[in-house]
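Accompanying notes for the structure given below.
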Amino acid sequence: MKKQNVRTISLIVCTFTYLLIGAAVFDALESETEKKRWKALSAIENVLITRYNISAEDFKVIETVIMKSEPHKAGQQWKFSGAFYYATTVLTTIGYGHSTPSTVSGKIFTMCYAAIGIPLGLVMFQSIGERVNRLSSVIVHAVKTSFNCKKAIASEVDLILVVTTLSSLTIAGGAAAFSKFEGWSYFDSVYYCFITLTTIGFGDMVALQKDNALNKKPEYVAFALIFILFGLAVVAASLNLLVLRFVTMNTEDEKRDEAQAIQALQIAVKLDGDIITGNTDSVDERCYERISVINPMTVCHNCPTKFDMTEAGNGCYIDTSYRYPLMDCEMTQLRSPAGIGGGGGPTPANNGQRGQDFETDDDGLIRPLRYDFHPNRGRASV
């Protein structure tokens, strides 16, 4: 099985195992708290219904009004600043869900806008990530050179450390700002920054959603947008080193397999009647020559092996204009020219016995008896 197939199957198994482990941990951490919160909310609901004599239908209406009015606390969501914030969450795939289009035309435009904007955003952040990695490599090289390090070139480990540190500083700085402007705890602000920059975007915590911030705090709106765009560029730099490394490994394995396939094709055999041709090196080509029984010659042109001699002195010679499959002159041991036409006397090849009759073609050439091709050796024997 190919390495990339094994790696893919292993990743699938590891991912599903990770999902199962995550589900078990979240169940243990959150299920009891969920039950307690539901009991508390149900108790408050019963108290309000009893105290103010509210019917169940009226209470549902109140719930709907409260939920629908929540986004309006930030100001007008669909003015330019709010719309720009919404477009940013669409293009970056964060998708807080704090505001959604309510008209059919708005929903249609959102789908069309996302179909073009998401690929554009991915390419842009990937390009920025590459530039960040390039800048990081230059900085690492300069630092190593100043300290007279033997290997001044920035390695992948160095770049990973740099972008990880930069990501941590970005989250830490953003958390401090959001903690001040939103009134969140520092831990909740870190949580919000992480969920935002990883484009998870639960929507349980969203910036710019109170005190009419979209209309009254333009500097805060600008900071939030710059934080999202810059932070995603830093995250893209990390993904460029971590995730794309796996893609590179798969590409390298595929190229290696292609090279092996091409090498295997070089020793492929083409059968065409009685002719066997193979793509081999020049050393093996000497074993694909045509043998004819004509004038006396005791030595092969290409091989040092001597051919059997007949009583009449007839031998064999190499005709390079045509090729029969031979291997290191083994033809001489199987079919001595001495046996042609029933003539010939004792030879070393037949242990002192007279040669046997051999079938020849119209040109007086010995017909091949059998072919035994050895792919691992790249040549044929008779």
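Cβ coordinates come from backbone N, Cα and C, glycine included.
From a predicted model like this one, the values you see are computed outputs, not experimental measurements.
Feature annotation from TrEMBL assigns transmembrane segment to 6-29, 108-125, 159-177, 189-208, 220-247. TrEMBL lists 69-132, 169-243 with the feature domain 'Potassium channel'. According to TrEMBL, the feature region 'Disordered' maps to 337-382.
For the transmembrane segment (108-125), the partner stretch with the highest count of Cβ pairs under 8 angstroms, out of 6-29, 159-177, 189-208, 220-247, is 220-247.
Sequence-remote contacts of a segment are chain residues at least 6 beyond its ends whose Cβ falls under 8 Å from one of its Cβ atoms, and for the transmembrane segment (220-247) they are 7, 81, 84-85, 88, 92, 94, 125-126, 128-130, 132-133, 136, 156, 159-160, 163-164, 166-167, 170-171, 174, 177, 181, 193, 196-199, 207-208, 213-214. If one looks beyond the transmembrane segment (159-177) by at least 6 residues along the same chain, the residues whose Cβ comes under 8 Å of a Cβ in the stretch are 132-133, 136-137, 139-140, 186, 189-190, 192-194, 197, 223, 227, 230-231, 234-235, 237-238, 241-242. Within the chain carrying the transmembrane segment (189-208), a Cβ under 8 angstroms from the stretch's Cβ atoms is held by residues 74, 85, 89, 92-98, 167, 170-172, 174-176, 178-179, 181-182, 214, 217, 220-221, 224, 227-228, 231-232, 234-235, all 6 or more beyond its ends. Mean per-residue pLDDT, taken over the domain 'Potassium channel' (169-243), amounts to 91.
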